[in-house]
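Here's what TrEMBL has on this protein:
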- A:32-133: domain 'Fumarylacetoacetase N-terminal' (DOMAIN)
- A:139-409: domain 'Fumarylacetoacetase-like C-terminal' (DOMAIN)
- A:141, A:214, A:216, A:248: Ca(2+) binding site (BINDING)
- A:143, A:157, A:255, A:259, A:365: substrate binding site (BINDING)
- A:148: active site, proton acceptor (ACT_SITE)
- A:248, A:268, A:272: Mg(2+) binding site (BINDING)
């Protein structure tokens, strides 16, 4: 077991690194962060586990080989996914976090003063390629923003009864498609599908005309549960390894026609983009805040004491292919979410459903209380009716071919950030 | 490439085996079948690939080691899933089928007359344990029986407009939960969840009171497609390795409260049971029949020439814990399905969604045109209103604790069967 004081020390806002770029107050990757990912680079094309620090990546496989990073399983970082490392359990995640924080701290000479090892173990982010960080056995997407559900309900059902009765009783969720989860930077092809046009009796086949983002976060399961053995709400956070940004690309016109009665399918399965770095729950601890008040009080299996929301600033930018500047089209915060991650996981498993290491759970679209804090174009343009004016590149109702959409997210500490990097994707034209 | 005549010979109804139990006209596992599974036994607890023949299992790992079965990858059958073998591709599946059919044919001495090898390579089914045959990266469930969709629509919406407008235009489907797919024989715990009782304003938490089966088949992806590259309807069957029986256990009361607007979730994720033997599409070839006429004519991407349904007799029995006899509660046939497997796969991928080896696709509940051919208790008891009389053990509206539900399925050839074995599960009481 790790001493709690050692874990606490990794969060000390005054801790600085000898990797000077990590001390920049605007970097996402301060020494307080230490997010995990999978990378390769030009000199070494093999995928392996890395941790982002400032403008660099620390190669954990190299550190383990060199004997300066100790973990219970040999070569666990010489892997193309994080699953084996995550499977070692929370004590191992924390031990590695503590060791890395110490190794990278300004006053620790081990790596700082060993030029040979440093040249092996530090790779500049600009020279690296980032890959999907986990093999994802299951992907589930929730629908837990009250503002988002209210906007959608107002638009498509009844503004006076925008929220369905079940919404306030449980974190509504559905199974998504794990196969098409891709890492940030992967181009996304506009999907074809069935479109039901208002002036025609039968659907037509063609390219989606209402392509949209959904600004979400996702959490990654760090330890699963056996079939038939639910995870209690109070225990749920201990099962979470960390969080990513997630863009749940959505074809609104395909969705509108297909989704009754079994939910969205083709409208969502063509791609879901996640950011490459998994920010651990330990790194997010200082940014824990109270969740919104829940009324009515949830049923007992969904109750937890204490604070279970996290103050994560989020923004979305859109850059047309020909534009040099991107336009910020949304600014919001994860803390607005009505249902917490712990409640989502407790609900997911209450029927006995099992979860596995690497499972990804999307938050659902994160919308704030104002028009400029909507997590989807569906909401901010009110189903395309009110176009957004871009700084450069015209206006948008929905996404056009060549547009690059980028999510960003960070927690603001005192003089430092714990950030997620970006989650970006450019839209390619539909297949002819 | 295998000669088509060799493949054709494996389907010859007159071919007999020296494994005499395979020549019984009522066995599911004739020499014309040769389904693949994963087994272990008391003498050898290691999981490995087997093929069912009569009352026996042929151990393919033993045959490969002995050099009497040739395949391009070493030790591919010494695996606890079929995925590696399936990944070798259709030529390999067919080559192994042809070799096994020849090895097991009455006149082939190789294995028949080699007592030492036979004792290593044949395991009696009664001495074996069967395991989940594939690692399932993704599970999708369709809703493709017109009779089932009409029954459900009549019950919960409007008998005059029972089918929603999208139903006749596409094989409606949704993503299921792959983690909780279990093999036949695994006990299933009655789920707890939110129930909305008609006389109460808020939901209560408790054990499902309307536990049901869904009689389905499933198909297993044998070769996937890359993201953004749809599978054409005409090519789809070549991507299918084979079929299983599938019971999509459903908690009707949980489903009724949760499913709007994103579809079923907790109501389905607690367990899905499949049969242990995967019957290849090659073995099913003689039972190919025309699908029902489709009106309106599907959009172009869902059209295929020729026959794409399969004549598979299906039945469901229920045996209460204290009963010695089971009661047959449904008899129907897979050939009634409105949308074909090829159409399901073409639709699944038309948006660009990728599929992977081992992906499981459920047919949706298979109901026939009569009351005794319903694939769910929901339909046959009309939501519990008309109880079924059992031969032994009282009546049933829905499933009671201790009930064992068993699906069976077979194709009837001339003097032989190509069968699926059984897909069974007993219900354990809900967790307190």
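A Cβ is built for glycine as well, from the same backbone N, Cα and C atoms used for every other residue.
Mapped onto three states, the DSSP output places residue A:259 (substrate binding site) in coil. Under 8 angstroms separates no C-beta among the recorded positions A:148, A:216, A:255 from a C-beta of chain B. Nearest neighbour of residue A:259 (substrate binding site) by Cα distance, taken over the recorded positions A:148, A:214, A:248, A:268, A:272: A:268. Annotated Mg(2+) site A:248, A:268, A:272; additional same-chain residues within 8 Å of its Cβ mean position, judged by their own Cβ, are A:141, A:176, A:177, A:180, A:214, A:246, A:247, A:249, A:250, A:269, A:271, A:362.
The C-beta environment of residue A:365 (substrate binding site), restricted to residues of the same chain at least 6 apart in sequence and closer than 8 Å, consists of A:143, A:145, A:148, A:214, A:215, A:216, A:248, A:375, A:376, A:379. Counting only same-chain residues six or more apart in sequence, the Cβ atoms lying under 8 angstroms from the Cβ of residue A:255 (substrate binding site) belong to A:264, A:267, A:268. Secondary structure at the residue listed as 'active site, proton acceptor', taken from DSSP and collapsed to helix, strand or coil, is helix. You'll find the Cα of residue A:141 (Ca(2+) binding site) roughly 22 Å from the Cα of residue A:157 (substrate binding site). Counting only the Cα atoms, the space from residue A:272 (Mg(2+) binding site) to residue A:157 (substrate binding site) is about 26 angstrom. Counting only residues at least six positions away in the same chain, the Cβ atoms of A:164 sit under 8 Å from the Cβ of residue A:157 (substrate binding site).
The number of other CB atoms found within 10 A of the CB of residue A:141 (Ca(2+) binding site), across every protein chain shown, is 28.
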